[in-house]
Amino acid sequence: MGALIAKMLLPTISSLVFLPAASVAAKRGFHMEAMVYFFTMFFTSIYHACDGPGLSVLCFMKYEILEYFSVYGTSVSIWVTLLALGDFEEPKRSTLTMFGVLTSAVRIYQDRWGYGIYSGPIGTAVLMITVKWLQKMKEKKGLYPDKSVYTQQVGPGCCFGALALMLRFYFEEWDYAYVHSFYHLSLAVSFVLLLPKKNRYAGTGRNAAKLNCYTLCCYITTSSKNHLDDTPKALDAGMQTWPSISPLPATHNVTCKDVCYQQSNSEDSYMTFRQAKNGVTYSSTTTQTLMLKGCPCKI
């Protein structure tokens with residue numbers, strides 16, 4: 001009897017493997033992907049728990065709704081993972097993300113068990129990635145991306161993804177509990193493998209964006225909060241301790257009487273503090289924004 005109950009609970013327990021995938025994604029700076037994985041884990045585990053013995057109390061929604069969001073979360077997880085692998089620039093990245101989210105919602109509402117719920121996102125994403133990478137290869141006249149990406153990410157990730165889909169569509173009738181559990185495991189592993197090692201849009205070092213309750217509730221990134229907290233210390237310690245920014249061609253001059261913050265929007269974006277004395281003029285360019293605190297500034 002105990003073995004039977006454990007077998008029935010296995011799909012629910014195996015759904016929790018998406019939680020480590022969400023943790024890895026957040027650690028690498030892919031916060032949106034981490035939230036999608038957590039969404040998938042939550043609804044998939046609740047959906048399977050409703051099938052388990054004595055767990056019907058967890059069914060806070062209709063069974064059909066839980067089933068819909070379970071499949072929908074999986075489809076969107078596949079989509080955002082492949083977009084992260086493609087490393088698309090903004091605003092293309094956000095546009096493609098919303099395109100997949102909206103079209104998947106409509107497609108799964110029509111048929112949540114057909115091949116198209118996964119083949120559509122996969123085929124579209126693979127086509128776009130292939131076109132982009134071929135264009136990069138033509139520009140570089142060499143392999144793009146590096147060989148390690150193919151051997152350590154794309155190859156193993158695609159293998160686990162293909163295994164997951166085969167288990168899902170062709171082998172579940174063998175033993176649903178065990179096969180479906182391995183499907184969850186294979187899919188989560190493929191997500192971890194396909195995600196790049198670092199999200200280059202999340203910042204680096206002290207300026208790296210982090211996902212926490214403060215960020216979600218107050219809409220302020222941890223890096224910005226740290227800079228605001230460090231302002232008095234930086235002013236007391238003196239501005240000589242902060243790294244300087246190489247001067248860029250001036251487009252217009254700015255004269256300040258007190259303290260200005262200079263935000264550099266370069267690839268390695270970081271904030272430095274400059275002390276503007278009376279009569280000293282600083283140059284500003286289109287890639288730099290001067291924000292003031294407690295003093296007027298004429299532009």
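Including glycine, each Cβ sits where the backbone N, Cα and C put it.
The annotation transmembrane segment is assigned in TrEMBL to 36-61 (among others).
The transmembrane segment annotation in TrEMBL covers 68-86 (among others). Outside the transmembrane segment (68-86), and at least 6 residues removed from its termini, the chain residues within Cβ reach (under 8 Å) are 18, 30, 32-33, 36-37, 39-40, 43-44, 47, 93, 96-97, 100-101, 104-105, 107-109, 112-113, 117-118, 121-122, 125-126, 128-129, 132, 153-154, 157, 161, 187, 190-191, 194-196, 199.
According to TrEMBL, the transmembrane segment annotation covers 115-134 (among others).
Marked as transmembrane segment by TrEMBL: 154-171 (among others).
Residues or ranges marked as transmembrane segment by TrEMBL: 177-196 (among others). With a cut-off of 8 Å between Cβ atoms, the residues of this chain six or more beyond the transmembrane segment (177-196) that come close are 7-8, 10-11, 13-15, 17-18, 20-21, 24-25, 28, 30, 33, 37, 44, 74, 77, 81-82, 84-85, 87, 152-154, 156-161, 163-164, 167-168, 171.
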